[in-house]
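See below for the structure under consideration.
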Amino acid sequence: MLSVDGLTVRADSAELVHQVSFAIAPGERVGLIGESGSGKSLTALSLMGLLPEGVTASGTARLGERDLVGVPESRIKDLRGRELSMVFQEPMTALNPLMRIGAQVAEVMTLHGRSSPEARARALDLLGRVRLPDPEQIFRAYPHQLSGGQRQRVMLAIALANEPRLLICDEPTTALDVTVQKQMLELIAEVAPALLFITHDLAVVASVCERVLVMYGGRVVESGPIREVFTRPRHRYTEGLLAASKLTPRGTRLPTIQGNVPPAGHFPDGCVFRNRCPQATTACEQVPALTGDGHAHACWHPAD
Amino acid sequence: MTLYLLKRLAVLVASTAVAAVVVFAFMGLLPGDPAEIALGVNATPEAVAELRRQFGTDRAPVVQFLDWFGGLLHGDFGTSYVTSSPIGPQISDRLAVTTVLVVGGMIVALLVAVPLGTFAAVHHRNPLGALISAASQIGIAVPAFLAGILLVFVFAVQAQALPSGGYVPIAENPAEWLRGLLLPWLSLGLVQGAVLTRYVRSAVLDVMREDYLRTARAKGRGSTGALWRHGLRNASIPVVTVLGLQLATLLIGAVVVERVFVIPGLGDLLLNGVAGRDLLLVQGVVMVLVAAVLLINFVVDVAYHLLDPRLR
């Protein structure tokens with residue numbers, strides 16, 4: 001249903017996302033993980049056609065028969081909010097502070113051809129469906145009267161309003177309280193059609209997704225079914241990520257990946273991870289290809 | 001909202017009363033006794049004392065203030081010591097002219113600033129947007145009276161299209177009234193418009209970076225549609241603040257522009273009053289100007305509340 005092939009995102013001379021390819025089948029839930037600066041959000045934004053000014057995408061991405069990348073905004077804006085929706089990281093600023101919640105939910109439906117009374121009635125339904133207490137009151141409220149978790153539910157209601165084929169969630173729970181996170185994740189898992197779920201939190205991916213793409217330095221370095229990737233990571237970066245997220249006995253040093261993510265455009269040639277990788281050799285000066293069916297990895301020295 | 005309005009109204013009344021005390025006290029501090037001024041240097045002390053009694057300036061300052069302030073409350077500004085005519089009607093006639101001048105200037109400023117500022121923000125990455133920014137910078141540097149003189153030179157002297165000054169009441173001849181006001185409106189409005197353009201530009205630029213604009217686009221709006229539906233009202237909040245401050249500035253600017261264009265407004269009356277040492281007249285005009293500024297602030301505050309639900 002969604003197929004991305006050779007997606008590359010650049011800002012001026014720096015290449016931020018390099019030749020990313022993946023596909024999502026109808027109903028499939030795919031996680032996209034990696035540290036900040038690995039290009040996850042840019043990948044998602046380029047599918048929505050919402051890249052910041054001065055940042056451009058090339059390659060192909062198709063949703064069904066429609067091209068998403070490299071077409072003018074006027075030709076894809078009818079897809080946004082209808083076939084393809086997105087929930088952003090920061091719920092506190094994602095809603096217009098001067099407009100009532102109900103109007104903001106109804107807007108996404110009137111924009112795509114529903115009549116105003118119908119959209120309002122359905123907006124009320126949707127607020128209930130994302131389990132907001134007292135939907136009628138929320139419908140009339142302004143964003144500042146809602147908590148972060150409630151606002152994120154409103155964003156989810158907006159995203160689901162037109163029953164899109166694909167929902168993209170970019171760190172939807174990162175800004176929320178831990179207690180609210182779990183409810184939100186369960187809700188997303190329950191209502192999402194097909195899902196592209198971006199996060200840096202491995203536990204979250206494991207609970208929501210079936211398949212995972214690991215990104216580092218603007219490349220997909222490993223991909224495969226959650227269970228396999230998490231129990232038998234092949235790429236050394238994935239291995240490091242998993243080690244860093246494990247609970248460690250009291251008194252031992254927390255395992256980390258040495259070094260920091262370099263700034264955009266300053267990743268090494270060859271394997272992008274080689275300057276932080278404990279296994280790196282001269283072989284790593286060549287770019288490793290993403291190989292393997294099902295569980296794929298791009299590494300010259302994969303773990304067993 | 002009603003409670004807020006009542007509270008704010010109480011503040012308006014209280015601050016106006018305080019302003020009246022300050023204005024009165026300040027005028028009292030000025031040297032020069034109205035009776036002595038009226039009678040000249042050769043007057044006998046008895047005649048001066050007699051005139052003071054007539055003017056009422058022999059009474060205690062507190063009594064004089066209460067008398068004056070009590071009069072203000074029902075529109076009586078007292079009688080001029082110099083011309084012996086009542087001040088209230090003069091002020092109200094002149095206030096009407098100045099209001100027309102200032103409001104017209106503000107409308108010109110808005111007509112210039114909102115489209116230009118928005119355009120400059122949307123096109124901030126290309127040369128035309130930068131050109132508007134640069135042009136507004138020049139506009140800011142030009143004082144209103146200079147703009148007035150330049151406009152007179154171009155449109156009245158060179159093109160002979162509009163009168164260089166004078167004022168025809170609207171009841172007498174609406175067309176001439178309008179022709180007479182065009183240049184004053186432009187000279188007040190263009191300069192303020194240049195300042196406002198920069199504020200509108202930066203407000204719109206700020207709003208364009210907001211997440212909710214991205215949300216609107218994610219819903220399926222184009223970037224222009226998102227800006228119209230979700231951006232402009234948000235951008236208007238900081239602009240309203242500046243607008244309020246500018247109205248006050250315009251009121252002061254009007255004093256000068258009225259001189260340039262020979263318009264019988266409050267500024268003209270004020271300058272005449274000062275020149276003729278008509279203290280009570282000056283006091284009245286200053287009071288009206290101060291009250292107008294307080295009223296503008298009140299309107300701005302109420303406008304905030306109407307615009308922004310977070311304040312309610």
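Cβ atoms are placed via backbone N, Cα and C, with glycine included.
Listed in TrEMBL for this protein:
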{"type": "DOMAIN", "residues": "B:95-300", "note": "domain 'ABC transmembrane type-1'"}
{"type": "SIGNAL", "residues": "B:1-19", "note": "signal peptide"}
{"type": "TRANSMEM", "residues": "B:9-30", "note": "transmembrane segment"}
{"type": "TRANSMEM", "residues": "B:95-122", "note": "transmembrane segment"}
{"type": "TRANSMEM", "residues": "B:134-157", "note": "transmembrane segment"}
{"type": "TRANSMEM", "residues": "B:177-200", "note": "transmembrane segment"}
{"type": "TRANSMEM", "residues": "B:237-261", "note": "transmembrane segment"}
{"type": "TRANSMEM", "residues": "B:281-307", "note": "transmembrane segment"}
Long-range Cβ neighbours of the transmembrane segment (B:9-30) (under 8 Å; 6 or more residues past either end): 61, 64-65, 68-69, 72, 279, 282-283, 286-287, 290-291, 294-295, 298
Top partner of the transmembrane segment (B:134-157) among B:95-122, B:237-261, B:281-307 - counted as Cβ pairs under 8 Å: B:237-261
Intrachain residues whose Cβ lies under 8 Å of the transmembrane segment (B:95-122), provided they are six or more past its termini: 128-129, 132-133, 136, 167, 181, 184-186, 188-190, 192-205, 208, 224, 227, 232, 243, 246-247, 250-251, 253-254, 257-258, 263-267, 288
